[in-house]
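Listed in TrEMBL for this protein:
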COMPBIAS  25-40  compositional bias 'Basic and acidic residues'
COMPBIAS  48-64  compositional bias 'Basic and acidic residues'
COMPBIAS  1391-1402  compositional bias 'Basic and acidic residues'
COMPBIAS  1422-1431  compositional bias 'Basic residues'
COMPBIAS  1502-1511  compositional bias 'Acidic residues'
COMPBIAS  1521-1540  compositional bias 'Basic and acidic residues'
DOMAIN    85-171  domain 'S1 motif'
DOMAIN    189-257  domain 'S1 motif'
DOMAIN    275-345  domain 'S1 motif'
DOMAIN    452-521  domain 'S1 motif'
DOMAIN    541-610  domain 'S1 motif'
DOMAIN    721-790  domain 'S1 motif'
DOMAIN    1014-1085  domain 'S1 motif'
DOMAIN    1124-1197  domain 'S1 motif'
DOMAIN    1205-1273  domain 'S1 motif'
DOMAIN    1299-1371  domain 'S1 motif'
REGION    1-64  region 'Disordered'
REGION    1370-1467  region 'Disordered'
REGION    1498-1548  region 'Disordered'
């Protein structure tokens, strides 16, 4: 080892050796030399002198050498840096029963097993296991640890997993965490962690891991913020502060005060060393070095540590400089290298022991266009997302696994795509990956999988319990042995092998346990029945597939998805008697079960097999029919023309015609044959409705048209040139009628049916055949239109044909499976296993004369196998010969198999290449499909016999066996086709039909037009589409006029293309052009054939002579749009899959509008496809460029960015209990809504009114980097229609004043009191003495009765604006509401302040008598006390009740004096028991306990203080004047009592008072209602009922209104405190004794006010049937519907009312409904209703007056003035016109200007002059 002089070369004489000097206690001398550089070795021969100098320069400075540890390299904590014993600060991420997931620094994760908590907890676990007791009796880990909790932990082991990874096992055992400490090193003020060892009477013993040291945490008395020891349990982890150390560390007193722990900071006086330093300590440090990767700090005077870039706040990075003093927190200590990591992040420096949030909604999200802000070569990189969120990418995730790491190349990229992989709670940072494999992975987490989802994976192993499947690199699952097939496989290895790709269906997934269970049962995999994933899905009547998990004597237990289980009792197993269920059913069997009953809360499910087999149905009255609605139906009966079905679950009758089963004519018949009665047909769409039944369709192309919104809904939407999917409805001699959805029918004349000449219309098409039609002519007057079916004129899309082929083959496969499983025929099951191209070993059975050969299969002798003469070419066969053939077709109907023995087909298959062109030969042909062979590859494929829906072929043109043509291989093996190749081909005849002019085969380009930009051309309109107009120019060139190039000024809502008519001549200018692919010629002859299409304009501004036209590139034009810019766009289509509106702005500029940016009305967003029509012009705002920079993102709401004050729609993504809701917003933003921002009128359980997926209107009230704060208050989100605000929004603490009453939700009940949230940012505290009027000793009572998120009314007691603190009160005398604690608890009342002072003073005098009183004999003192009690009030009456508890000492004196007190009270005639509280308020159903006053409150006047009472108690001789005054006072009190008794308005104070008043006023319902309220406030419900019954018997039968009031009160009482049955009985009795209509109306109002909307609506329906002639019934029902935002239902109700009421009441009814629409519904609809009514009845000036009042309130000034102008020109009496002129003038004086007032006066003068001239004439 080198000497000190080598490290510090100073020159001069050598330093003399000196003896060892005493070292300070906190410095470890040995560490000084262990941390030094190793001694210099001998210089190598090749080492130059310069290198030696460099080596010398590398030596550390003298100052650094003296440090106990060095920190040179600044780096994050890597996994390879972890060693056993490393101390870490962690944050609890997740907790299960046996393991805690802990977030560690730098995004690492560790696991804390249940055995590594503490010695005492492990001992309890062992004892429970040894005794055989249930572990549920002890506290599990979720009770000891909570997410977000900070822990000090140590690495206990680094274990290898099965996948070769290493798992970090942690421990929080104090013995391991604090092993560097010793009893002698403990100092007061040190902050340690420990675990509760035992609970004692006076405190808690805490295990801090030091042998020989006892740590005790006493019960806190003075500090209200100390740790609540009632909640501490054995084994619980806790941080504690050393308050006192005794006996050299053998006894330690701890403190659990959260305030003291938060302020604790490690100091040098504590004697911390590198051997006992602990993570989580706060230290004061000085910055020694700052670099781009972090900084180096010096702390505790001699230690150094590093702060990596992840633990420096991004917004404060530039604020740090060398020499600054900062506060830091220790993250980790590695004992072997003595490396210390620290953090400067603000969330770790704040007081408190929990971090939020712990989870993130963004995990799994793929983010594009991210910017890399910094690169740290040894650690990773920091990315900034588009929303300015910063994420960390580890260096291993910057590149692919086997690629070299090139940071410069990565940094050079302008933008990156990443995927957020996890969230680190400790770092409060997202972790991301740039790997393409992770970005493109479908399943990154177990959370990405849904129950019932079909997934594909790779078999990794076969075990005895089942098969392990790898779904992705991050998700693995298991297929149990019973789920490997429909039956139990004895040898599963014969069917599966490692590496196989298999499809599975998810049965259950548990993300917390990372457990995935799947099934391979075919019946479950291919089931089309609705899935039961939860008990909520198990609706009564639903039929679904499940599997048997248990067979018992009492029935079968069936399991569905997501661990949903149900019981099928024996009686429901089968319709036949069954004694032993085991004989018929077995475990693992897939069954169909029907739900009989389900209790989702109790998770009880009752099922039936018999009901499925017997076809039991339940008929419902109503079915909400809607064209395009997807339903599932059960086949009831098979008829010749289709299937009679029952729609489930309503079981409404419907008809599914045979032609509507498929787009393929041949498949329709096959499906009809295969389907049987009782089968379930899913994904059928409602097509039409007639008087007899509903009509459904299963045509895939019609279904897609309806779902994508491209089908025209009415005749007005049809435009010339529009292409529609329809079907042949009727064939006539002159043409065919084509029917479309929504009942539209067009005619295709015989000349427009086909490109060929037709002599008859019967040949080309069959009834029900799916066709593609193009509109050619419209007759708007007659509502008729013509279409063409010519292939050359309608569109042709290759993708559409491929989808049709896939769907057709899928239907064929379904037919095969249905027929195979229908019967127990082995032949059909054998045929179902055969596939196209499969090789089959056969024996020749017979060779016929025509060359056809018959075969017998080796696998099944009964199969009818045939090969034609053509397919025996090159092969000689004889009976009995063994041959191998290839399957061409399986005919299920005739049980026949067509095979081929041609050698090149039987040969070994060759590999196909994508996009290769091969010569195909037709091998087999049927009606819709043909089997072809691909060259000499021995591969077979399936194609359509025609390449277009409408194509018609003569017999000579149809495909036949042996014909050849060229095909292009699109996919060598298409999974959707069952592994067959997907090929594309085009009929030569189809190309010939489309050819309009000859083109040489050698031409590689289409016709080049001779037009240039700026040329003026003339052409004829060929077709008019919503967004383009096609114009036929000279030389066969077709030009396109974009919708934006028609009008200079476009009015929003207009359709510019409609101004150009089909066949009209237009003059336009060329503005550009584009090249487009053409399908006119064969790809083999014209592989690169393109057409050049000119773009034209007819804009008047561009048609002027001299106007210059410039071509601008699309990219440059896109960049010219600025965010917030207003533009005009045109609707292209609504994309239903992506939920967005596609629009176009210019010929090459497109954009889209996401769903939430389309409107601000939540009602309209339910059917977004109905909002706009194709080609409609819209006013939009630019949001920005898309991530691909190829189109614009637009908004139609007038908002392009979400800032504070903006209003928008959002979708509720998650409901967080007791916190609020998370809302998904437009523009890829999310927001959070607090429970206090949900409504303007708080209500209990506020989150129950919302559901996931609900669309809400919200307002932005705050903006953070990652999330917005929103408000759903109507006053914020929709102030124009908002009702009055009941609970105002508290924006700041300055808005609150002392004495103010506000409502809020309970946030928590803690040791310091009850905390109530008044707004999102303001929380007030209610001290326990201000919570209730009762005296509570046990504070746990508050937690039991004051529930979290409960709604309470509070009163502001004090406001501390400087510290932001708020003190509140919940006491009834402050809030006017009932006490938060029920009286049934029997708690004593708390003394009022003045009474308490009085009581204390009395007891003080008892304890400290004066000198004179001490000399008085004892008996005299007793006499004095008795006299006092006679002259003054007894102590028991101080607060109106007997005092059960005194807040003081001298309990023995109290007990001794108690008999004397009772005796004295008895002598006075005062009851010794507690005096009851009495009602002093009128009747009110929300009356509070503030109306309760003690009976004695009015007896005595205000008493003076205690000293006056003492003097009054002494016997004094009164003068005559004093006696006279006392007499006058007594007379005054007596007269006052008499006047109170005589006053009828005086409210009773006691039961006797009520009884007396009931005798005097028996017919007063108000008195009886007050009497009921008196009992209800004492929670005496039965007594209140009895009072109501007495009232009904007592009140005279003539007083009908009075009796009705009592009945209404009784209905209210039963609604609040009774059951549905008791309410129904009272209602029926009320109907017998009162007029029915008022009773019905009152009960409906009660239901509506108590938010029982379903009951109210059903009652209103009964009322409209029973009282249909009563106008108030219809009005109240309409008002109810409008208050529930059901304007459409209210409109329908009005139509019903008009049919029921006489004509004379129609006008007033419509007017009333219009008023209701103004108040609660749609203002525009209300205006139209008033306008229509007043147009028909212009002389109803009363309605005009009402209309004016409503418009003044809800309309604009312009609308009001227009209305006044209409009124003053009416032909009515002059007197009435004068009235309206006066109102007009008043309105202008109030809201107008001097000019407008003068204008009204002039109009009035004109009217008078006109009337005068009319009278004169």
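Glycine is treated like the rest: Cβ placed from N, Cα and C.
Automatic prediction, not curation, is the source of TrEMBL annotations.
Secondary structure counts, DSSP: the domain 'S1 motif' (721-790) has 6 helix, 35 strand, 29 coil. By number of Cβ pairs under 8 Å, the domain 'S1 motif' (721-790) is matched best by 1014-1085 from the list 189-257, 275-345, 1014-1085, 1205-1273, 1299-1371.
Here the domain 'S1 motif' (85-171) is broken down by DSSP into helix, strand and coil counts: 26 helix, 37 strand, 24 coil.
For the domain 'S1 motif' (1124-1197), the most Cβ-contacting stretch among 85-171, 452-521, 541-610, 1205-1273 is 1205-1273 (pairs under 8 Å). Mean pLDDT, taken over the domain 'S1 motif' (541-610), works out to 88 on the 0 to 100 scale.
With pairs at least 6 apart in sequence, the domain 'S1 motif' (1014-1085) and the domain 'S1 motif' (85-171) have fewer than 3 Cβ pairs within the 8 Å limit; the two do not touch. A contact links the domain 'S1 motif' (275-345) to the domain 'S1 motif' (189-257), because at least 3 Cβ pairs that are 6 or more residues apart lie under 8 A. Residue counts for the domain 'S1 motif' (452-521) under DSSP (helix as H, G, I; strand as E, B; rest coil) come to 6 helix, 34 strand, 30 coil. Taking DSSP states H, G and I as helix and E and B as strand, the domain 'S1 motif' (275-345) has 9 helix, 37 strand, 25 coil. Under DSSP, residues within the domain 'S1 motif' (1205-1273) fall into helix, strand and coil as 7 helix, 35 strand, 27 coil.
The stretch in closest packing with the domain 'S1 motif' (1299-1371), judged by the count of Cβ pairs under 8 Å and taken from 189-257, 452-521, 1014-1085, is 189-257. When the domain 'S1 motif' (189-257) is classified with DSSP, helix, strand and coil residues number 3 helix, 34 strand, 32 coil.
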